[in-house]
Amino acid sequence: MPSSRIPALCLGAWLLLLLLPRFARAEGAVPIPVTCFTRGLDIRKEKADVLCPGGCSLEEFSVFGNIVYASVSSICGAAVHRGVIGTSGGPVRVYSLPGRENYSSVDANGIQSQMLSRWSASFAVTKGKSSTQEATGRAVSTAHPPSGKRLKKTPEKKTGNKDCKADIAFLIDGSFNIGQRRFNLQKNFVGKVALMLGIGTEGPHVGLVQASEHPKIEFYLKNFTSAKDVLFAIKEVGFRGGNSNTGKALKHTAQKFFTADTGVRKGIPKVVVVFIDGWPSDDIEEAGIVAREFGVNVFIVSVAKPIPEELGMVQDVAFVDKAVCRNNGFFSYHMPNWFGTTKYVKPLVQKLCTHEQMMCSKTCYNSVNIAFLIDGSSSVGDSNFRLMLEFVSNIAKTFEISDIGAKIAAVQFTYDQRTEFSFTDYNTKENVLAVLANIRYMSGGTATGDAIAFTVRNVFGPIRDSPNKNFLVIVTDGQSYDDVRGPAAAAHDAGITIFSVGVAWAPLDDLRDMASKPKESHAFFTREFTGLEPIVSDVIRGICRDFLESQQ
């Protein structure tokens, strides 16, 4: 938009706000109770009186613009931002307005509104008519309104598809090469994919970047958490033109899009789906390297591959193989053209929801199963047992524990074995550490061999198909009364890497017999229980080293 038009738009907005009170002298209707999640687009009237609850100044209630707000904004959040109501809520009058461009970002009254390049409808707010109803710190019940009619309840935010956890950026082609018509077909396809993903607060989150002469982030992961809002946002994206510069756009997306401030979630795979119509106009290999370094899984959706006569214009005919996360066929996807693409939606969604295949997100911190086998024999003693638990906790807290990330389990042994918790019992670091801290000391003899066999069978057995790499960390202070070599060898054969940590009277021969190869880097010993702390970093480094070697 020309800069000369911006002051005119701002002046128009101010004149509109000055005139609004003249039109506000209406019938004394009772304000309709709404929630903080109610948006401008939920109000179907040109003018409406609503009653906002308190607590609508939180960041989750998104606001786009200043003075004039995009209709996707929270009404009550906008009212707080505008200064019409305070944090305790109150009556608000809402006026529906046409759409516009360049909704500005302004920090006002404790709310940082967000920028939006364009939206199809807007609204403005003024102070509403007072009523006998008063806003409280919670949403007002709409079960029995004064009119006696049941009001339609504002729907709560959907959790989404919990089996498809991913933070996804769609990088669409906005170049002159694709043109306006195919650009719109591309947007329709992306909308269908977004709808099938099952977007929600606990499911996939999506954002959109347009590749053109200069890349533009159209909206971030945090902006929308419902499919309906995402579809609206995709519809409003305008065609930019210019060269595609896909490499430049991919690099920009990898570096700028996936941050905590823009809504990326810890432990969730980061994905970029790159749409290329024909071929990129710049080098894309370096951008693919940068994306992998940032832990981003790059998918390439190529449309209308170059014909033999056009190959001379392509900088690198192997651009797909060099840009994707892994050149194994999983991360590349081809469609012959933009017509009749519905049949391609589901296969792409299935790929995006297969988190165990997201190789570029896999690290030693989020893709391992670690079981701790803890000696609870009488020779340890209660105070030293607490030091052993502290050692275990210090290792466990380093890893990204989640339902799709690292898993932790613990078994205590004497002559008997007790599963303190299995891999599937706790999916958060906080819960794992809390349970570890409260394990009760058993006391008894030492049968380490039986304990290894028990752990392989009962702890690792149920998760034998897990994509994570398996590790067993054994902590013991004495000689086992049974053989450890046979059970340890069986564990090695089952793909379990063993680290043995001995204290005090633990025989070095037993530690080496249990440890994986090379023995020198998988077996550790300390004379005192206080000497366990320095070994924490050795075990963590060893786990990461073994994990990286397994990925090569």
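A Cβ is built for glycine as well, from the same backbone N, Cα and C atoms used for every other residue.
Features as listed in Swiss-Prot:
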type	residues	note
SIGNAL	1-26	signal peptide
DOMAIN	30-123	domain 'LCCL'
DISULFID	Cys36-Cys52	disulfide bond
DISULFID	Cys56-Cys76	disulfide bond
CARBOHYD	Asn102	N-linked glycosylation site
REGION	129-161	region 'Disordered'
DOMAIN	167-352	domain 'VWFA 1'
CARBOHYD	Asn223	N-linked glycosylation site
DOMAIN	369-539	domain 'VWFA 2'
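Sequence features annotated in Swiss-Prot and their locations in the structure.
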residue : record                      : Cβ neighbours (10 Å)
Cys36   : disulfide bond              : 22
Cys52   : disulfide bond              : 32
Cys56   : disulfide bond              : 30
Cys76   : disulfide bond              : 33
Asn102  : N-linked glycosylation site : 14
Asn223  : N-linked glycosylation site : 22
Tally of residues which DSSP labels helix, strand or coil - the domain 'LCCL' (30-123): 11 helix, 45 strand, 38 coil
Recorded positions near Cys56 (disulfide bond), in sequence order, restricted to Cys36, Asn102, Asn223 and a 10 Å Cα cut-off: Cys36
Segment confidence, the domain 'VWFA 1' (167-352), expressed as mean pLDDT: 91
Rounded Cα-Cα span from Asn223 (N-linked glycosylation site) to Cys36 (disulfide bond), Å: 16
Local backbone state of Asn223 (N-linked glycosylation site), from DSSP in three classes: coil
Alpha-carbon spacing, Cys76 (disulfide bond) to Cys52 (disulfide bond), which is rounded to whole Å: 6
